[in-house]
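According to Swiss-Prot:
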| type | residues | note |
| --- | --- | --- |
| SIGNAL | 1-50 | signal peptide |
| CARBOHYD | Asn69 | N-linked glycosylation site |
| DISULFID | Cys82-Cys135 | disulfide bond |
| BINDING | Asp95, Gly206, Thr214, Glu216 | Ca(2+) 1 binding site |
| DISULFID | Cys165-Cys249 | disulfide bond |
| BINDING | Gln177, Asp228, Val229, Asp231, Asp301 | Ca(2+) 2 binding site |
| DISULFID | Cys191-Cys244 | disulfide bond |
| DISULFID | Cys196-Cys207 | disulfide bond |
Amino acid sequence: MYGIEYTTVLTFLISFILLNYILKSLTRMMDFVIYRFLFVIVVLSPLLKAQNYGINLPITGSMDTAYANSTQEETFLTSTLCLYYPTEAATEINDNSWKDTLSQLFLTKGWPTGSIYFREYTDIVSFSVDPQLYCDYNVVLMKYDAALQLDMSELADLILNEWLCNPMDITLYYYQQTDEANKWISMGSSCTIKVCPLNTQTLGIGCLTTDTATFEEVATAEKLVITDVVDGVNHKLDVTTATCTIRNCKKLGPRENVAVIQVGGSDVLDITADPTTAPQTERMMRINWKKWWQVFYTVVDYVNQIIQLMSKRSRSLNSAAFYYRV
(Lines of atoms letter the chains of each structure in order from A and count residues from 1; the text may use other names and numbers.)
(Lines give C-alpha, C1' and ligand atoms only; values in the text may rest on other atoms or scores of the structure.)
Protein backbone atom coordinates (compact mmCIF):
# COMPACT_ATOMS: atom_id res chain seq x y z
CA MET A 1 0.00 0.00 0.00
CA TYR A 2 2.75 2.41 1.00
CA GLY A 3 4.67 1.45 -2.11
CA ILE A 4 1.77 2.49 -4.35
CA GLU A 5 1.43 5.84 -2.55
CA TYR A 6 5.16 6.53 -2.87
CA THR A 7 5.01 5.69 -6.56
CA THR A 8 2.04 8.07 -7.09
CA VAL A 9 3.79 10.93 -5.28
CA LEU A 10 7.00 10.31 -7.21
CA THR A 11 5.10 10.29 -10.53
CA PHE A 12 3.40 13.57 -9.60
CA LEU A 13 6.70 15.22 -8.71
CA ILE A 14 8.35 14.04 -11.91
CA SER A 15 5.40 15.32 -13.98
CA PHE A 16 5.48 18.68 -12.19
CA ILE A 17 9.22 19.07 -12.75
CA LEU A 18 8.89 18.09 -16.42
CA LEU A 19 5.99 20.52 -16.98
CA ASN A 20 7.90 23.30 -15.26
CA TYR A 21 10.92 22.64 -17.50
CA ILE A 22 8.74 22.69 -20.65
CA LEU A 23 7.09 25.98 -19.63
CA LYS A 24 10.44 27.61 -18.92
CA SER A 25 11.78 26.42 -22.26
CA LEU A 26 8.75 27.85 -24.07
CA THR A 27 9.13 31.13 -22.20
CA ARG A 28 12.77 31.41 -23.21
CA MET A 29 11.89 30.64 -26.83
CA MET A 30 9.11 33.26 -26.89
CA ASP A 31 11.38 35.84 -25.30
CA PHE A 32 14.00 35.14 -27.94
CA VAL A 33 11.49 35.48 -30.81
CA ILE A 34 9.91 38.68 -29.43
CA TYR A 35 13.21 40.37 -28.63
CA ARG A 36 14.63 39.42 -32.02
CA PHE A 37 11.49 40.77 -33.77
CA LEU A 38 11.66 44.05 -31.86
CA PHE A 39 15.37 44.32 -32.63
CA VAL A 40 14.71 43.93 -36.36
CA ILE A 41 11.97 46.62 -36.22
CA VAL A 42 14.25 49.05 -34.40
CA VAL A 43 17.04 48.49 -36.91
CA LEU A 44 14.84 48.83 -40.01
CA SER A 45 12.49 51.62 -38.91
CA PRO A 46 14.83 54.48 -39.91
CA LEU A 47 15.08 52.97 -43.39
CA LEU A 48 11.33 52.69 -44.00
CA LYS A 49 8.85 55.47 -44.96
CA ALA A 50 5.38 55.60 -43.49
CA GLN A 51 2.64 54.55 -45.88
CA ASN A 52 -0.94 55.56 -45.29
CA TYR A 53 -2.99 53.21 -47.47
CA GLY A 54 -6.42 54.37 -48.53
CA ILE A 55 -6.24 57.89 -47.11
CA ASN A 56 -5.77 59.54 -50.50
CA LEU A 57 -8.58 57.65 -52.20
CA PRO A 58 -11.25 60.03 -53.52
CA ILE A 59 -14.60 59.75 -51.76
CA THR A 60 -16.83 62.30 -53.52
CA GLY A 61 -16.27 65.54 -55.35
CA SER A 62 -12.77 66.59 -56.31
CA MET A 63 -10.14 63.91 -56.85
CA ASP A 64 -7.45 66.37 -55.86
CA THR A 65 -8.16 66.88 -52.17
CA ALA A 66 -5.04 66.41 -50.04
CA TYR A 67 -5.86 65.07 -46.60
CA ALA A 68 -3.91 66.29 -43.60
CA ASN A 69 -3.25 62.87 -42.10
CA SER A 70 -1.70 61.39 -45.23
CA THR A 71 2.00 61.09 -45.94
CA GLN A 72 2.75 64.07 -48.21
CA GLU A 73 5.96 65.17 -49.85
CA GLU A 74 6.88 68.84 -50.08
CA THR A 75 5.19 70.23 -53.21
CA PHE A 76 8.25 71.80 -54.76
CA LEU A 77 10.39 68.67 -54.33
CA THR A 78 8.13 66.45 -56.42
CA SER A 79 6.32 68.86 -58.78
CA THR A 80 6.96 70.96 -61.86
CA LEU A 81 5.80 74.53 -62.38
CA CYS A 82 5.28 76.09 -65.82
CA LEU A 83 5.17 79.87 -66.15
CA TYR A 84 3.58 81.10 -69.39
CA TYR A 85 4.38 84.65 -70.50
CA PRO A 86 3.93 86.73 -73.69
CA THR A 87 6.81 87.50 -76.04
CA GLU A 88 6.64 91.18 -75.12
CA ALA A 89 7.89 90.33 -71.62
CA ALA A 90 11.17 88.88 -72.91
CA THR A 91 11.48 91.74 -75.40
CA GLU A 92 11.12 94.37 -72.70
CA ILE A 93 13.51 92.67 -70.27
CA ASN A 94 16.12 92.20 -73.03
CA ASP A 95 18.45 90.06 -70.93
CA ASN A 96 19.73 86.67 -72.10
CA SER A 97 20.10 85.41 -68.52
CA TRP A 98 16.80 86.62 -67.09
CA LYS A 99 15.38 83.09 -66.84
CA ASP A 100 18.44 81.94 -64.87
CA THR A 101 17.98 84.91 -62.56
CA LEU A 102 14.35 84.02 -61.92
CA SER A 103 15.24 80.35 -61.40
CA GLN A 104 17.66 81.36 -58.66
CA LEU A 105 14.98 83.54 -57.08
CA PHE A 106 12.47 80.68 -57.19
CA LEU A 107 15.10 78.59 -55.42
CA THR A 108 14.87 80.95 -52.43
CA LYS A 109 11.19 79.98 -52.20
CA GLY A 110 12.02 76.28 -52.12
CA TRP A 111 11.65 75.44 -55.82
CA PRO A 112 14.70 73.65 -57.33
CA THR A 113 15.92 75.17 -60.57
CA GLY A 114 15.06 72.03 -62.52
CA SER A 115 11.40 72.20 -61.53
CA ILE A 116 10.64 75.62 -63.11
CA TYR A 117 9.85 75.86 -66.83
CA PHE A 118 9.37 79.11 -68.74
CA ARG A 119 6.97 78.90 -71.69
CA GLU A 120 6.71 81.80 -74.15
CA TYR A 121 3.69 82.50 -76.34
CA THR A 122 3.34 85.17 -79.03
CA ASP A 123 0.04 86.69 -77.94
CA ILE A 124 -3.37 85.81 -76.51
CA VAL A 125 -4.86 85.08 -79.93
CA SER A 126 -2.15 82.60 -80.97
CA PHE A 127 -2.11 80.98 -77.52
CA SER A 128 -5.87 80.40 -77.81
CA VAL A 129 -5.41 78.27 -80.92
CA ASP A 130 -2.97 75.81 -79.36
CA PRO A 131 -2.89 75.95 -75.56
CA GLN A 132 -0.63 73.29 -74.06
CA LEU A 133 -0.38 72.96 -70.29
CA TYR A 134 1.86 70.06 -69.35
CA CYS A 135 3.26 70.83 -65.88
CA ASP A 136 1.90 69.75 -62.51
CA TYR A 137 1.15 73.42 -61.86
CA ASN A 138 0.62 76.01 -64.60
CA VAL A 139 0.56 79.79 -64.11
CA VAL A 140 -0.48 81.84 -67.16
CA LEU A 141 0.39 85.55 -67.31
CA MET A 142 -1.99 87.51 -69.57
CA LYS A 143 -1.34 91.19 -70.33
CA TYR A 144 -4.63 93.05 -70.32
CA ASP A 145 -5.76 94.43 -73.66
CA ALA A 146 -9.12 96.19 -73.87
CA ALA A 147 -9.50 95.10 -77.50
CA LEU A 148 -8.96 91.44 -76.53
CA GLN A 149 -10.80 91.22 -73.22
CA LEU A 150 -13.47 88.90 -74.65
CA ASP A 151 -10.76 86.64 -76.10
CA MET A 152 -9.04 86.65 -72.72
CA SER A 153 -12.27 85.67 -70.97
CA GLU A 154 -12.87 82.78 -73.38
CA LEU A 155 -9.28 81.59 -73.04
CA ALA A 156 -9.57 81.72 -69.25
CA ASP A 157 -12.82 79.74 -69.40
CA LEU A 158 -11.10 77.15 -71.61
CA ILE A 159 -7.94 76.57 -69.58
CA LEU A 160 -9.47 76.93 -66.10
CA ASN A 161 -11.95 74.13 -66.75
CA GLU A 162 -11.91 70.56 -68.00
CA TRP A 163 -13.93 69.72 -71.08
CA LEU A 164 -15.07 66.41 -72.59
CA CYS A 165 -15.30 66.94 -76.36
CA ASN A 166 -16.41 65.07 -79.48
CA PRO A 167 -16.14 66.03 -83.16
CA MET A 168 -19.16 67.48 -84.96
CA ASP A 169 -20.21 66.73 -88.54
CA ILE A 170 -22.25 69.84 -89.33
CA THR A 171 -22.81 68.80 -92.96
CA LEU A 172 -24.90 65.77 -91.99
CA TYR A 173 -26.43 66.50 -88.61
CA TYR A 174 -28.27 69.10 -86.60
CA TYR A 175 -27.03 69.71 -83.08
CA GLN A 176 -28.53 70.94 -79.84
CA GLN A 177 -27.07 71.80 -76.45
CA THR A 178 -28.56 69.75 -73.64
CA ASP A 179 -27.76 72.02 -70.68
CA GLU A 180 -25.69 75.00 -69.55
CA ALA A 181 -22.53 72.88 -69.27
CA ASN A 182 -22.81 71.93 -72.95
CA LYS A 183 -20.92 74.31 -75.29
CA TRP A 184 -19.52 74.24 -78.81
CA ILE A 185 -15.82 75.11 -78.88
CA SER A 186 -14.14 76.20 -82.10
CA MET A 187 -10.42 76.68 -82.74
CA GLY A 188 -8.51 77.70 -85.83
CA SER A 189 -6.79 80.47 -87.72
CA SER A 190 -10.17 82.04 -88.56
CA CYS A 191 -13.49 80.88 -87.12
CA THR A 192 -16.76 82.37 -88.33
CA ILE A 193 -19.76 80.65 -86.74
CA LYS A 194 -23.37 80.99 -87.92
CA VAL A 195 -26.39 79.20 -86.43
CA CYS A 196 -29.99 78.66 -87.48
CA PRO A 197 -32.39 77.44 -84.74
CA LEU A 198 -34.99 74.91 -85.88
CA ASN A 199 -38.54 74.17 -84.82
CA THR A 200 -40.00 70.70 -84.34
CA GLN A 201 -40.59 70.43 -88.11
CA THR A 202 -36.86 71.23 -88.69
CA LEU A 203 -37.79 74.54 -90.29
CA GLY A 204 -35.64 77.54 -89.52
CA ILE A 205 -36.76 79.96 -86.83
CA GLY A 206 -36.06 83.37 -88.33
CA CYS A 207 -33.78 81.87 -90.96
CA LEU A 208 -33.80 79.61 -94.00
CA THR A 209 -31.93 76.32 -93.66
CA THR A 210 -31.02 76.51 -97.35
CA ASP A 211 -29.56 80.02 -97.17
CA THR A 212 -26.62 80.54 -94.80
CA ALA A 213 -26.83 84.29 -95.38
CA THR A 214 -29.95 84.26 -93.19
CA PHE A 215 -28.21 82.45 -90.30
CA GLU A 216 -27.39 84.36 -87.11
CA GLU A 217 -23.66 85.10 -86.92
CA VAL A 218 -22.29 84.50 -83.41
CA ALA A 219 -18.56 84.81 -84.16
CA THR A 220 -16.53 86.44 -86.92
CA ALA A 221 -12.94 85.56 -87.86
CA GLU A 222 -11.90 84.57 -84.33
CA LYS A 223 -9.23 82.11 -83.16
CA LEU A 224 -11.16 80.67 -80.23
CA VAL A 225 -14.94 80.63 -79.89
CA ILE A 226 -17.06 79.13 -77.11
CA THR A 227 -20.60 79.12 -78.50
CA ASP A 228 -23.65 79.02 -76.24
CA VAL A 229 -27.13 78.69 -77.77
CA VAL A 230 -30.62 78.00 -76.42
CA ASP A 231 -30.70 74.57 -74.76
CA GLY A 232 -32.96 71.84 -76.13
CA VAL A 233 -33.32 73.40 -79.59
CA ASN A 234 -31.85 71.85 -82.72
CA HIS A 235 -29.52 74.10 -84.72
CA LYS A 236 -28.10 73.95 -88.21
CA LEU A 237 -24.56 75.35 -88.23
CA ASP A 238 -22.37 77.02 -90.80
CA VAL A 239 -18.67 77.07 -89.91
CA THR A 240 -15.56 78.01 -91.89
CA THR A 241 -14.33 74.42 -91.68
CA ALA A 242 -11.34 75.10 -93.95
CA THR A 243 -9.73 77.22 -91.23
CA CYS A 244 -11.61 76.13 -88.12
CA THR A 245 -12.57 73.00 -86.20
CA ILE A 246 -15.70 72.84 -84.04
CA ARG A 247 -16.34 70.35 -81.24
CA ASN A 248 -19.29 69.48 -79.04
CA CYS A 249 -18.03 69.86 -75.46
CA LYS A 250 -19.25 69.30 -71.93
CA LYS A 251 -17.76 71.25 -69.04
CA LEU A 252 -16.74 68.70 -66.39
CA GLY A 253 -15.46 71.02 -63.68
CA PRO A 254 -12.50 73.17 -62.70
CA ARG A 255 -8.98 72.36 -63.91
CA GLU A 256 -7.35 72.91 -60.55
CA ASN A 257 -3.71 72.91 -61.60
CA VAL A 258 -4.04 76.13 -63.63
CA ALA A 259 -4.03 79.75 -62.46
CA VAL A 260 -4.41 82.89 -64.56
CA ILE A 261 -2.76 86.17 -63.58
CA GLN A 262 -4.00 89.28 -65.34
CA VAL A 263 -1.29 91.90 -65.77
CA GLY A 264 -2.65 95.44 -65.57
CA GLY A 265 -5.96 96.78 -66.80
CA SER A 266 -8.70 98.82 -65.21
CA ASP A 267 -11.20 95.99 -65.60
CA VAL A 268 -10.77 92.65 -63.89
CA LEU A 269 -11.61 89.55 -65.92
CA ASP A 270 -14.31 87.53 -64.20
CA ILE A 271 -15.85 84.32 -65.52
CA THR A 272 -17.56 83.34 -62.26
CA ALA A 273 -20.82 84.84 -63.51
CA ASP A 274 -21.15 81.80 -65.77
CA PRO A 275 -23.71 79.53 -64.03
CA THR A 276 -21.70 76.49 -65.14
CA THR A 277 -18.73 77.65 -63.06
CA ALA A 278 -18.90 75.66 -59.85
CA PRO A 279 -17.71 76.45 -57.31
CA GLN A 280 -18.07 80.18 -57.92
CA THR A 281 -14.39 80.84 -57.30
CA GLU A 282 -11.63 80.70 -59.87
CA ARG A 283 -7.86 80.85 -59.71
CA MET A 284 -7.71 84.29 -61.32
CA MET A 285 -5.83 87.27 -59.91
CA ARG A 286 -4.44 90.60 -61.07
CA ILE A 287 -1.03 92.27 -60.79
CA ASN A 288 -0.80 96.01 -61.45
CA TRP A 289 2.77 96.76 -62.50
CA LYS A 290 4.11 98.60 -65.53
CA LYS A 291 7.37 96.68 -65.88
CA TRP A 292 7.70 92.95 -66.48
CA TRP A 293 10.56 92.58 -64.02
CA GLN A 294 8.21 93.81 -61.31
CA VAL A 295 5.57 91.33 -62.47
CA PHE A 296 7.95 88.37 -62.25
CA TYR A 297 9.29 89.51 -58.87
CA THR A 298 5.72 89.52 -57.55
CA VAL A 299 5.05 86.04 -58.94
CA VAL A 300 8.19 84.70 -57.27
CA ASP A 301 7.25 86.37 -53.99
CA TYR A 302 3.77 84.84 -53.91
CA VAL A 303 4.34 81.59 -55.79
CA ASN A 304 3.72 79.35 -52.79
CA GLN A 305 0.51 81.19 -51.86
CA ILE A 306 -0.67 80.79 -55.44
CA ILE A 307 0.10 77.07 -55.41
CA GLN A 308 -1.93 76.66 -52.22
CA LEU A 309 -5.03 77.68 -54.21
CA MET A 310 -4.37 74.93 -56.74
CA SER A 311 -4.33 71.15 -56.80
CA LYS A 312 -1.84 68.92 -58.57
CA ARG A 313 -3.47 67.10 -61.45
CA SER A 314 -2.34 64.24 -63.66
CA ARG A 315 -4.15 65.32 -66.82
CA SER A 316 -2.61 67.88 -69.15
CA LEU A 317 -4.21 70.19 -71.68
CA ASN A 318 -3.24 69.65 -75.28
CA SER A 319 -5.52 71.01 -77.99
CA ALA A 320 -4.34 68.22 -80.30
CA ALA A 321 -6.16 65.76 -78.02
CA PHE A 322 -9.19 68.01 -77.73
CA TYR A 323 -11.43 65.49 -79.46
CA TYR A 324 -11.27 63.18 -76.50
CA ARG A 325 -10.68 64.95 -73.23
CA VAL A 326 -8.84 68.07 -72.15
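A Cβ is built for glycine as well, from the same backbone N, Cα and C atoms used for every other residue.
Checking each of the binding-site residues Gln177, Thr214, Val229, Asp231, Asp301 against Cys82 (disulfide bond) by C-alpha distance, the shortest gap belongs to Asp301.
In the structure as shown, the Cβ atom of Cys244 (disulfide bond) sits within 10 Å of 22 other Cβ atoms.
In this structure, the C-alpha atom of Cys191 (disulfide bond) lies 23 angstrom from that of Gly206 (Ca(2+) 1 binding site). Here the candidates are the recorded positions Cys135, Cys165, Cys207, Asp228, Cys244, and by Cα distance the one nearest Thr214 (Ca(2+) 1 binding site) turns out to be Cys207. For the pair Cys135 (disulfide bond) and Asp95 (Ca(2+) 1 binding site), the C-alpha distance works out to 25 angstrom. Cys82 (disulfide bond) falls within a strand segment according to DSSP. Distance from the CA of Asp95 (Ca(2+) 1 binding site) to the CA of Cys249 (disulfide bond) is 42 Å. Within 10 Å (C-alpha to C-alpha) of Glu216 (Ca(2+) 1 binding site) lies none of the recorded positions Cys165, Asp228, Asp231, Cys244, Asp301. Same-chain residues at least 6 positions away in sequence with a Cβ under 8 Å from that of Asp95 (Ca(2+) 1 binding site) are, in sequence order, Thr101. Cys196 (disulfide bond): 23 other CB atoms within 10 A of its CB, across all protein chains.
Asp231 (Ca(2+) 2 binding site): 12 other CB atoms within 10 A of its CB, across all protein chains.
Of all the binding-site residues in the record (Asp228, Val229, Asp231, Asp301), the one with the smallest CA separation from Cys207 (disulfide bond) is Val229.
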